[in-house]
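One structure below.
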Amino acid sequence: MQQLNPSEISEIIKGRIEKLDVTSQARNEGTVVSVSDGIVRIHGLADVMYGEMIEFPGGVYGMALNLEQDSVGAVVLGAYTSLAEGMSAKCTGRILEVPVGKELLGRVVDALGNPVDGKGPLNNTETDAVEKVAPGVIWRKSVDQPVQTGYKAVDAMIPVGRGQRELIIGDRQIGKTALAIDAIINQKDSGIFCVYVAIGQKQSTIANVVRKLEENGALANTIIVAASASESAALQFLAPYSGCTMGEYFRDRGEDALIVYDDLSKQAVAYRQISLLLRRPPGREAYPGDVFYLHSRLLERASRVSEEYVEKFTNGAVTGKTGSLTALPIIETQAGDVSAFVPTNVISITDGQIFLESAMFNSGIRPAVNAGVSVSRVGGAAQTKIIKKLSGGIRTALAQYRELAAFAQFASDLDEATRKQLEHGQRVTELMKQKQYAPMSIADMSLSLYAAERGFLTDVEIAKVGSFEQAMIAYFNRDHADLMAKINVKGDFNDEIDAGLKAGIEKFKATQTW
């Protein structure tokens, strides 16, 4: 039998120890106690942070949302069918980050920033945190530049400025998404980058939005973040924050961006689902107590930031430029009930709302914007000069028309002044109608508003107002292209432009019969 020399054994062990490559990882590890409905309870994670990424076997990740005395409640990001009780769970020491940058433009990604459009991987290296603190008051600048939506009813009566939060609210199927998509289409030549976040939508609806943006040449400067109805509640809850981070990339570098959240009602429902599964106490309408904070911390990130902020953020690479992120959140109401919990929350957070009404939509007034209830709290300062000058009487005319129309139903004979006011209101209502996917330029809009404001529609039949407007715009773009170009570039209103518009409309009406 061979004798083992103790000194040889110690030399072999010493050699093995020297060759051993140990990269130490101080990682806190726990055990999965239960898995149900995308919620995982973990025992033994002592040093985990709120919102920290937790790694499970097989490359599955979760996010810690409940830090309890004896366990941690985490939500799984993605499929959870491979997870089982007794598996290990490790802290990563990282918070959730998503890819950002111009490489994402023209792409469709999920809530975690993974491409889902079949166009290959993203060629970017930059990532940023999903949850970020909004810029402080010192770094903000007042809103004084417009975001043209291309809709007469919005740009004339409820103007939106760069850095504003303007809520689009209304019942289902009355054109909320159409309004937002048209606003994105109108930005294709404005230099504003767009982000469209689809939350809880049907995949066919998202595919249709992508196709429409592509057809209208707006997909190239748009990022689409899709968390469809088939995705887990966790991804629907995270999608708006991911989209906001992608939009902030442009804002922080002195660019302008527009983000649409379609819609935040579904995000609130997803968050309610997560909270109830985490056994958090329910409040009004079974929503958790922090549902207001859910939306306020998201919408406060939309802002206009100062030159100093951009310069500080870019370490002096960009100077003298302000950045902005404009938000158009969408909220779906039930039977026009704007006093429900989530609608009132978002109304109080935003800088105004565009209220779409079912009755108007069903009577053929599209976009179905109710000018009486809709308001823009800060957009007036950002409105283009010519639009501001010409749209003053439009809102008043519509409000008075609504009031008079209600009384006129009961009165058989009306005096001349009331009848004229009613007819003017009807013509303005007709003028505010607009087809989908046909946003208007500033010059086209100014021309229509000028015709209404200066009484050029008085002798036009109410049913022919739309045809008159189209023919007039076509005539001006053909015969007065210089004037239209000047309005589009400068947006000013002076005596020269006033005289040019007046002479042009008079000449147009002299050659046509309406």
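Yeah, the Cβs are placed from backbone N, Cα and C, and that goes for glycine too.
Residues annotated as ATP binding site in Swiss-Prot, with sequence analysis given as evidence: Gly170, Asp171, Arg172, Gln173, Ile174, Gly175, Lys176, Thr177. Summarising the annotation, Swiss-Prot assigns site 'Required for activity' to Ser374 and lists sequence analysis as the type of evidence.
Everything Swiss-Prot records as a feature, shown here on the structure.
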residue : record                       : Cβ neighbours (10 Å)
Gly170  : ATP binding site             : 27
Asp171  : ATP binding site             : 17
Arg172  : ATP binding site             : 11
Gln173  : ATP binding site             : 10
Ile174  : ATP binding site             : 22
Gly175  : ATP binding site             : 19
Lys176  : ATP binding site             : 25
Thr177  : ATP binding site             : 20
Ser374  : site 'Required for activity' : 22
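Between the alpha carbons (Cα) of Lys176 (ATP binding site) and Ser374 (site 'Required for activity') lies a span of roughly 14 Å.
Distance from the CA of Thr177 (ATP binding site) to the CA of Ser374 (site 'Required for activity') is 17 Å. Thr177 (ATP binding site) carries a helical DSSP state (H, G or I).
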